[in-house]
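Trainee: Below are the structure tokens for one structure; questions will follow.
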Amino acid sequence: MHFSNFILVIFLAGICHASEEINLGDLPMQNPDLIEGDILGADDHDDRNAVVDKRQVWPGGIVPYVEDPGLDKTVNPAIMTNARFLYKRDTCIRFVPRTTEKDYIRIFPGQGCYSHVGKTGGAQPLSLGMGCGYMGTVIHELAHALGFYHEQNRSDRDDWLIIFWENIKEGMAPQFMKLKPDQNQLLTPFDYDSIMLYGSYTFSKDRKNRLKTMVGKNNLFLKDVINKYFMSKS
């Protein structure tokens, strides 16, 4: 089971080739004006691994969506189809084309890659702009819309990761803020292969010279999200 597919099943059990472009790594997911680089509208003093407010959970695991015209310019349609298939195959989640639903995800080619976390109500924006047309990125942003935050911000992350604070871009240290222990909702082991775990150069002040901002214990290199093609095993 994948993506921490096991994690998704537990969390939701109660309710149920990229376009050719310059490889920017995970940079399109590292917006300094968004929480943790790609999260819209979250309170950075009250975030968590996965939402627990029932109002933010998609009923029955059914997620209506629409795709704006022009999305195929930034994401190959086959990648969108395959990402939805992986969720259907490995979890209880179903992404379905919107008909008359009031609450749905609007996927559009915006500036960078970002999403709200969990269901917010109404037409909920999820941006997959230039640089976001990778399987790992699409799965990652859809997971945010389902209610998931980042693995590297878990309260127990220091048991699993080494953070090189001196290598982080100026002003970006808050992006590595840990959650409080009572904010960890998944109660599952740390997952180095999680689609929700950023790579070793995230928010690096000098990626060109390979200054790492975080590694796993024993100096384990962390792959960029774009280099994760499937949901990880848990």
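Including glycine, each Cβ sits where the backbone N, Cα and C put it.
Features from TrEMBL:
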ACT_SITE  Glu141  active site
BINDING   His140, His144, His150  Zn(2+) binding site
DOMAIN    49-234  domain 'Peptidase M12A'
SIGNAL    1-18  signal peptide
Trainee: Based on Cβ atoms within 10 Å, give me the single least packed residue among the binding-site residues His140, His144, His150.
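Mentor: Taking His140, His144, His150 as the binding-site residues, the minimal 10 Å Cβ count falls on His144.
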Trainee: Whole-number Å only: compute the distance from the Cα of His150 (Zn(2+) binding site) to the Cα of Glu141 (active site).
Mentor: 11
